[in-house]
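**Student:** I'd like to ask you about the structure that follows.
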Amino acid sequence: MKEKMKEKLTVIKVGGKIVEEEATLNQLLNDFAAIEGHKVLVHGGGRSATKIAAQLGIDSKMVNGRRITDAETLKVVTMVYGGLVNKNIVAGLQARGVNALGLTGADMNVIRSMKRPVKEVDYGFVGDVERVDSTLLSDLIHKGVVPVMAPLTHDGQGNMLNTNADTIAGETAKALSAIFDVTLVYCFEKKGVLRDENDDESVIPQINHAEFQRYIAEGVIQGGMIPKLENSFEAINAGVSEVVITLASAIHTDGGTRIKK
């Protein structure tokens, strides 16, 4: 008996300036609305959180580019990610005829996490994803709903947890790959993974894991791109069909960097 072909699903992750500046957000929403078939949008919003925290007199503490989420900061990121940024995106998509539904991990228990254990650094109320309810998401998607997921999860004990948006996108794509033929696209402000960070045209068109390790050793790939690529390889190895890292405005092109096993 021939195996039934899976329906296609696109998971798009956006963050940074893209979701926080009106012009780039509007362009993104136009491009996202034009994606055919099933889709999910995962967003960040760290710069907005830093800005609002400063206005409230709360210092933002960072270690190795990662936010320390103390009790006061958790209130801010819950307001900003789950409220301001998420609902702006949902409203913008509804205006474009996309039946978007804003979700945090706590909503309908869609993503449960465990508070990150203290090792060298205490990151505070930060969650490491334990499970994604792919059945719930699939049911919503098959009803024509487009989930818009904020970078917040919960621990099942009444506590919200700040959670990396790249990780949420990767874990969501992995969970849904059992049901759909999933393409995961990480959008950011560069055209892809660059050989030379000062040359926007030096895009590496595709990269496998051995090349990734070599580029790290050579210092070509460093900083925040390392965890982004680690998430990408985990997704590919877990059954996601395709992972692309690209410019937000290029999601309808063949540009960017494609991740291979």
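Quick reminder: no glycine exception, Cβ is built from N, Cα and C everywhere.
The substrate binding site feature in Swiss-Prot is assigned to Gly45, Gly46, Arg67, Asn162. For Lys13, Lys228, the entry in Swiss-Prot reads site 'Transition state stabilizer', with the evidence type sequence analysis.
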**Student:** Restricting to the record's substrate-binding residues (Gly45, Gly46, Arg67, Asn162), give me the longest CA-CA distance in Å as a whole number.
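**Tutor:** Largest Cα to Cα distance for the substrate-binding set is 12 Å.
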**Student:** Cβ within 8 Å of the substrate site's Cβ centroid: which residues qualify beyond Gly45, Gly46, Arg67, Asn162?
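**Tutor:** Output for this site, in sequence order: Gly44, Ala49, Thr50, Thr69, Val77, Val80, Tyr81, Pro151, Ala165.
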**Student:** Between Arg67 (substrate binding site) and Lys228 (site 'Transition state stabilizer'), what C-alpha distance do you get in Å?
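**Tutor:** Cα of Arg67 (substrate binding site) to Cα of Lys228 (site 'Transition state stabilizer') measures 16 Å after rounding.
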**Student:** Sorry to bug you, but what's the C-alpha spacing from Lys13 (site 'Transition state stabilizer') to Lys228 (site 'Transition state stabilizer'), rounded to the closest Å?
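**Tutor:** With the alpha carbons as reference points, the distance is 11 Å.
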**Student:** Distance check, please: Cα of Gly46 (substrate binding site) against Cα of Lys13 (site 'Transition state stabilizer'), rounded to an integer number of angstrom.
**Tutor:** 14
**Student:** Under DSSP, is Gly46 (substrate binding site) helix, strand or coil?
**Tutor:** helix
**Student:** Report, in whole Å, the straight Cα-to-Cα distance of Gly45 (substrate binding site) from Lys13 (site 'Transition state stabilizer').
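**Tutor:** Cα of Lys13 (site 'Transition state stabilizer') to Cα of Gly45 (substrate binding site) measures 11 Å after rounding.
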**Student:** A 10 Å Cβ contact count, applied to the recorded positions Lys13, Gly45, Gly46, Asn162: which residue has the minimum?
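**Tutor:** So among Lys13, Gly45, Gly46, Asn162, the recorded positions given, the one with the fewest Cβ atoms within 10 Å is Gly46.
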